[in-house]
Amino acid sequence: MAKSKKNWFSYYTFFRRSRKNKRSSPTGKSETAKAAEEQLSLNTSDKTPATMPRLGHYSEKYELNGPQTSKSKDTYGSFNARDDDDDSEFIIQRDQLNEVDRSPSSEHGIIMAPTLADDKGTYFRDGKRKIDFVLVYEEPIGEVFNTQAAQKASKKAYKHEAWRKKFMSNLRKAGLDMEEEVVESEKKTIHFVKLSAPWTVLINYAEELCMRAPLQAHPNPSVNWSEQLLRTFRIPNAMYEDVPNKPLDYYTCAFKKSKLDKFLGVDNQDEYFTSTQRARIVYEILETAVYGKRRRAQIGIDRLVEEGVYNAAFPLHDGLYQKPPHYVVPESLNNRQILYEYWARWGKWHKYQPLDHIREYFGEKIGIYFAWLGFYTGWLLPAAIVGLIVFMYGVFTINFDPVSNEVCSPNVSYKMCPRCDEKYGCAYWYLSDICLYSKLTYLFDHPGTVFYAIFVSFWAVTFLEYWKRKSASLAHHWDCMDFEEEEERPRPEFAAKAPSVERNPITGVKEPFFPTPLRYKRMAAGIGALFLMLALIIIFIVAVIIYRVLVSIPLFQSKTFRGVASPIASSTGACVNLIFIMALGRVYETLALRLTQWEMHRTQTDFENNLTFKVFIFQFVNFYSSIFYIAFFKGRFVGYPGHYQHLLGLRNEDCNGSGCLSELAQQLAIIMVGKQIINNAQEILVPKLKAWWHKKKTKMEVRTTRWEEDYQLIENEGLFQEYLEMVLQFGFITIFVAAFPLAPLFALLNNWVEIRLDAQKFVCETRRTVAERAQNIGVWFTILQFVAHLAVISNAFLIAFTSEFLPKLVYMYEFNWNLEGYVNFTLALAPNGTLAQECRYQDFRDSEGNHTMFYWHLLAVRLGFVIIFEHLVLTVCRMIDIMVPDIPKTLEVKIKRERYLAKQALADSETIMKVAQRRDDEDDDDDAGALSPPPDDDD
């Protein structure tokens with residue numbers, strides 16, 4: 001063994017040197033390479049085929065598609081014809097079987113979908129077999145001067161080479177066809193292994209994966225409610241656009257190989273399975289193929305990519321996304337071009353999304369995301385319109401507000417107590433100094449905001465109920481209504497790090513195992529880390545509070561800026577807070593990912609659910625804690641003259657003279673809009689920077705093939721960040737909508753941009769993902785329901801305790817319906833001897849600093865309002881939930897029809913004959929009974 005390793009290292013060194021002299025040799029071999037071959041031949045008995053790297057041969061490392069000779073068919077798929085005999089026999093049988101299965105059938109049977117002019121780069125060299133998946137691995141070129149580093153690199157290369165050999169051997173045994181292309185860059189050689197699944201493999205795995213098979217075509221039911229509404233009123237629909245090659249819709253049943261002849265289009269084997277279905281089948285084979293020792297769970301392409309054996313594994317895009325410069329018939333465009341031309345371009349921002357095309361190209365999981373995002377954006381339109389109307393109501397009635405008019409009146413002047421301690425030089429001021437701010441506060445604090453808070457509470461619940469209906473319709477339309485995830489395999493990272501192997505009680509197969517008590521201890525540690533990060537958020541909030549107090553002191557001292565001291569301090573504090581929020585969010589997302597990986601969750605579903613829980617809890621506190629502080633705590637613990645409360649030697653900050661609601665609106669606007677701008681900028685710039693860095697690393701000068709171009713694209717990072725961004729936005733427009741009615745409008749504008757950015761990212765900038773099935777948006781729907789119910793409680797407290805709505809209402813009822821004298825009523829006199837001068841401050845207290853009876857009366861009204869508002873809104877929401885069925889009536893009919901057809905298609909012919917004979921007998925008996933005379937009355 002030592003001798004073998006030594007020979008391997010010597011050969012490895014010569015082999016690297018030979019790369020530099022390759023092109024100088026007319027025979028393709030340098031003198032160094034020949035010397036290496038001579039040295040290698042001295043001890044060939046110690047070498048296995050897996051230890052022999054390629055030398056002077058750059059077409060294929062393994063002869064996956066050998067020369068076109070009489071033996072090419074027999075040796076197809078073999079590794080330099082050195083594989084074991086049983087493998088060779090299997091390949092011969094496999095290809096002999098394919099000789100029958102691959103008979104051309106495009107002229108027979110039912111064409112299930114329009115046949116597009118596919119990019120020839122998505123086929124094998126023979127132009128017949130379609131490339132379903134591509135594996136990529138790289139080998140460095142260049143001399144290794146450090147001996148120790150060279151030995152380490154050679155051992156790693158040896159191990160990777162052995163794993164690749166065994167892995168691809170098992171892929172061949174599974175029936176996959178393979179072909180390899182090699183591309184040289186400046187410092188490395190890049191190998192592209194193309195995979196294709198023949199017909200027999202496809203039908204075997206289609207049954208195993210419970211895919212759906214078409215039974216009978218029926219009209220496509222995808223119709224928008226807005227489309228129906230506009231058609232009813234005969235209004236031209238600018239949002240509609242006829243997208244070519246719309247996928248057909250079928251009644252379907254579970255795929256059964258034994259019932260193959262009963263399915264539509266089965267004669268057209270080349271077009272029967274879509275590219276997403278083919279890629280999913282090949283990915284299933286890749287995930288179950290063994291490359292090392294099974295007891296160590298050395299299984300699957302994901303772990304190979306994680307180990308660095310392969311650099312990437314992905315299905316190909318359907319060609320270029322740009323349309324040809326010359327005119328082409330729209331029906332001849334490939335699926336990727338259709339998605340770009342009719343969906344991803346900025347000019348299509350006002351058009352309906354082609355959801356069926358998205359689902360056909362990317363799979364149900366991504367299709368459901370874009371369906372939800374489009375549905376949510378459409379429902380934002382009425383909320384945005386009503387919010388804009390409420391805001392404009394405030395604009396048009398601002399001059400008729402008696403409270404702000406009294407504040408701005410030149411005939412009345414109220415000397416107010418200093419905003420900070422007199423020892424800091426803060427001067428007394430007059431209430432009229434904040435006249436403009438009082439007017440602006442009225443825009444967000446008037447009776448219309450109460451109506452809007454109730455409206456948005458109903459809107460949120462109704463939106464979720466109708467999304468359940470839409471989700472059920474899409475799940476049925478896309479054949480995933482009864483989808484249940486099969487028993488999930490262990491995650492590759494879990495399998496690699498699990499300390500032991502035990503038998504799975506469900507499958508009976510031995511697999512990696514991690515002790516459950518130890519996992520719970522790690523999860524407890526993760527929760528502890530979460531609470532530490534939440535404490536860090538509180539510290540940053542306190543820091544922002546101190547910043548606002550320190551900034552406001554010199555502003556209050558200045559006569560010029562005294563009137564705008566609060567807006568300046570609040571807006572700059574919100575900007576600082578936004579920076580902290582974005583920075584902490586990035587830090588914790590990385591920490592949460594590491595913690596969740598450390599917790600060793602067995603399946604990907606468990607991993608994603610735990611990660612979602614951690615990140616959402618943190619981001620919820622991160623984004624909303626400062627807003628909750630302003631809404632419910634700021635100004636509540638200030639005290640009164642002579643008895644002010646202090647924090648770190650500074651007086652606790654108070655709301656401005658017109659209340660905290662205007663500052664809350666300001667904080668919401670800065671954080672929400674600022675977050676949207678930053679996220680959109682990141683979505684535009686980050687993919688381009690990643691793509692530039694990836695191209696710089698690979699250094700592929702010329703990209704002429706589909707697989708080379710797709711390898712230059714960046715890896716798709718999934719939908720987690722997209723859902724998190726939208727759920728946080730949903731919280732902004734529901735939880736605090738009473739303070740900022742324009743929030744749905746900004747969300748609507750953002751989502752129009754978001755859809756195009758996400759579409760361009762998936763179509764143009766990232767590699768194509770393996771299609772995943774999903775029947776809904778998963779755990780995110782539960783989070784949305786939690787946010788919607790929290791919004792009812794939050795808005796009730798906002799109206800009751802933060803808004804001036806109830807104090808004005810009680811004053812109108814008890815004292816003056818026109819609110820005359822309301823401002824003076826809300827201002828208390830500072831107790832004698834507490835300050836140098838007599839002044840006023842905003843609170844319901846008497847001359848000694850005790851709360852008045854009006855304060856306690858108002859407190860009872862506020863608590864009563866919260867209880868009534870909450871119960872009334874939640875009761876109506878519950879009624880909406882009951883009245884709106886989760887599954888539409890029309891869908892129930894289609895489901896019953898589909899089940900009937902499935903039973904008919906999958907029933908044995910003998911059973912069908914018996915049923916038919918029984919029906920005939922029953923009909924004969926009925927006819928005989930109808931023709932026989934009635935019995936006599938005497939009988």
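Every residue gets a Cβ built from N, Cα and C, even glycine.
Since we're looking at a predicted model, the values are computed, not measured.
The range from 192-216, 567-591 that TrEMBL describes as transmembrane segment is residues 567-591. Contacts between the transmembrane segment (523-547) and the transmembrane segment (567-591): present, as 3 or more C-beta pairs lie under 8 angstroms, all at sequence separation of six or more. Counting Cβ pairs closer than 8 Å to the transmembrane segment (854-874), the top stretch among 369-396, 449-467, 567-591, 611-632, 726-749 is 449-467. The stretch from 369-396, 567-591, 611-632, 726-749, 777-801 with the most CB pairs below 8 A to the transmembrane segment (449-467) is 777-801. Mean per-residue pLDDT, taken over the domain 'Anoctamin dimerisation' (123-355), amounts to 84. By the Cβ criterion (distance under 8 Å, sequence gap of 6 or more), the transmembrane segment (611-632) is counted as touching the transmembrane segment (777-801), at least 3 such pairs being found. Here the transmembrane segment (369-396) has Cβ contacts under 8 Å with residues 224, 226, 352-353, 355, 358, 442-444, 446, 448-449, 451-452, 455-456, 459, 463, 466-467, 470-471, 474, 719, 722-723, 726, 730, 733, 737, 741-745, 747-748, 751-752, 754-755, 758-759, 777 of the same chain, all six or more residues outside its ends.
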